[in-house]
Amino acid sequence: MDRDEEMGHGDRSLLFIGDEDDDLGADRDGGSPPTSSDEDSFSERSDDDARDDERDAPDDGQKGTWPQSYRQSIDMLSAVPSPTVSTLMAASPSLTKFGSSFLKAGSSFLRKGEGSALPLTRPLLPPSLSQLSQSSMHQPPVKQSTDNIGLPPRPPAAHEAELPERPSRACLKSDYIELPPPASKCSSGQSIINGFNVLCGVGILTTAYGIKEGGWLSLLLLPLLGGSSCYTGLLLKRCIDSSPNIETYPDIGQVAFGIFGRIFVSVVLYLELYASCVEYITLLGDSLSSVFPSAHLAFTGINLNAHNLFAITMALAILPSVWLRNLSLLSYLSAGGVIATVTVIVCLFWVGIGEGIGFHPSGAAVNLTHLPVALGLYGYCYSGHSVFPNIYSSMKDRSQFPFVLLFCFTVVTIVYAGVAVTGFLMFGESTMSQFTLNLPQQYIPSKIAIWMTIVNPYTKYALTMTPVALSIEEALPQRMQSYLVGMSVRTCLVLSTVAVALLFPYFALVMALLGSVFTMLVALILPCACYLSIKKGAVPLWEIILCIIIIMIGVVCACIGSYTSINRMISR
């Protein structure tokens, strides 16, 4: 047993190091491990010295790589099942064999012999599946499980010395919250499910309304936007492959345009998440007011109608989930979006076919006046680029990512078009901003669809708001980073989303504005701009022209769509 095994890798407890990071680093280093002298110099440091160094070290690097919490928080939002569930499933054979408690499992695993790399002087955690397989073959493990918390990684190889420190590896460390480590490796099938979870959101509720606004020919925008978004997703992959220091969207912005690019991309992504939470509050108010239309509250001169009453009530009900100290618990909610979306689609076809409503062709071929609104609604359906780099970074076989991306975009485009056509054929010109509001209340599938529409934003709100809250909290001075301050920040964020939702209670128009501004920026403009900046000199002429065309289309659509949406909201 070598020296660092005896010390239990005690020098790696500051950063979350995933298996995918080790594999990627080994591949790009040519498979050369760190020298023994480096390992010895690290392992000779005691835990007290490491803590003293951590307190004394300047945090310029931490400030320079804001946000550090992006990778972990976005993984919670996108992964199905969650990283926590995957870890427990991977460790379940050891739990079954050695005992139900983590401590007993870890102790038994350490007694297996020299194959263990778990710490001897730290709390024992369940071994990962890779560690169990290594132990069964009597081979010394090469890397730690993502369940463990390790100290600073090995020094970079000679060819890595000129590259900046990988921002994603500097995961957020906090004394008052518990963040899960970055997502461990997942198969192509799991990546497809994660992609569906990102793309199949509440945007599907407005696709039928998009036909009403833009006409039947507006459906051509779906494959056009879907194809462009799929291509720009592949551009993000190429940006990640260009450097071992890139794992997330903010990393791409930093490599392309420096620290300003990282901050700008991060702010845009967080604003998009915040606006989505505003939409969730509006959706909850609309759905519950359709179930209980006569509800109201009159108190000390304040009169609240059903929509406002339920928007405030549901925000208060959501608040405890935003206060959670152990944020890994939120990841159990990540599968709720896919289940709710599938249920709502089934209920729509059930009502149209089984309950006798039928399908009645109507509507104009094209409505140029309101076409920008339809453009924004369709664009919002493809707002998943903030998560694609995370999905790619966590894949076992990264060569399958183009297939995963193409499959996801093809399926969701067909589903969006099918739901749009079905919903508009059922309700015609009376189609509302959410087709669930048109479903007759007396039918059982209608009730199921409406309550699934209520459950979906309720489970997604905390997952969507957590990255925004963490980014604000880690930007605060160190003395203010406490659970009480964090809870206050999250409370203010929730209350602000309620205020914005009550001020602009137009679900479809706000979604069209988000699709016109943020989706065009995140899904079309920024990927092309970052790609041309990072790969300058290595991009063929035809691809440069294509990227410039996509950027111009994105800018034009953003300007026209945002102007039309804002003008419609003001005129109401």
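Residue 1 is the first one shown; counting continues down the chain.
Here the Cβ of each residue, glycine as well, is placed from N, Cα and C on the backbone.
Automatic prediction, not curation, is the source of TrEMBL annotations.
Per TrEMBL, compositional bias 'Basic and acidic residues' is recorded for 1-12 (among others).
Marked as compositional bias 'Acidic residues' by TrEMBL: 37-51.
As annotated by TrEMBL, compositional bias 'Basic and acidic residues' applies to 52-62 (among others).
Annotation source TrEMBL lists compositional bias 'Low complexity' at 120-141.
The domain 'Amino acid transporter transmembrane' annotation in TrEMBL covers 187-566.
According to TrEMBL, the feature region 'Disordered' maps to 1-77 (among others).
According to TrEMBL, the feature region 'Disordered' maps to 120-165 (among others).
As annotated by TrEMBL, transmembrane segment applies to 217-236 (among others).
Among the features that TrEMBL reports, transmembrane segment is placed at 256-275 (among others).
Under the heading transmembrane segment, TrEMBL lists 295-317 (among others). Away from its own ends, the transmembrane segment (295-317) comes close to residues 281-282, 284-286, 288-289, 458, 494-495, 497-498, 501-502, 505 of its chain (Cβ-Cβ under 8 Å, at least six residues beyond either end).
What TrEMBL records for 329-352 (among others) is transmembrane segment.
For the transmembrane segment (364-382), the list of distant contacts is 199, 201, 203-204, 206-207, 209-211, 213-218, 221-222, 225-226, 229, 409, 412, 416, 508-509, 511-516, 519-520, 523, 557, 560-565, 568: same-chain residues at least six beyond its ends, Cβ to Cβ under 8 Å. The feature transmembrane segment is assigned by TrEMBL to 364-382 (among others).
If you look up TrEMBL, you'll see 403-428 (among others) marked as transmembrane segment.
Residues or ranges marked as transmembrane segment in TrEMBL: 448-470 (among others).
The transmembrane segment feature in TrEMBL is assigned to 510-532 (among others). Remote same-chain partners of the transmembrane segment (510-532), defined as residues 6 or more beyond its termini with a Cβ less than 8 Å from a stretch Cβ, comprise 203, 206, 228-229, 232-233, 235-236, 238-239, 249, 252-253, 255-257, 261, 265, 268-269, 271-272, 275-276, 278-279, 282, 372-386, 504, 539, 544, 547-548, 550-551, 553-555, 557-558, 560-562, 564-566, 569.
Taken from TrEMBL, the feature transmembrane segment applies to 544-566 (among others). Only residues 6 or more beyond the boundaries of the transmembrane segment (544-566), in the same chain, are considered here, and those with a CB under 8 A from a CB of the stretch are 228, 231-232, 235, 370, 372-373, 375-376, 379, 509-510, 512-513, 515-517, 520-521, 523-525, 528-529, 531-532.
If you count C-beta pairs under 8 angstroms between the transmembrane segment (256-275) and each of 217-236, 403-428, 448-470, the highest count goes to 448-470. Outside the transmembrane segment (217-236), and at least 6 residues removed from its termini, the chain residues within Cβ reach (under 8 Å) are 207, 210-211, 249, 252, 365-367, 371, 374-375, 378-379, 381-382, 384-385, 388-389, 392, 402, 405-406, 409-410, 412-413, 416-417, 420-421, 523-524, 527-528, 530-531, 547, 550, 553. Below 8 angstroms of C-beta separation, residues 67, 69-70, 73-74, 76-77, 172, 177, 179, 201-202, 205, 270, 273-274, 276-277, 279-281, 283-284, 287-288, 290-291, 314, 317-318, 321-322, 324, 327, 330-331, 333-334, 336-337, 340-341, 343-344, 347-348, 351, 434, 436, 439, 441, 486, 489-490, 493-494, 497 of the same chain, each at least six residues beyond the ends of the transmembrane segment (448-470), sit close to that stretch.
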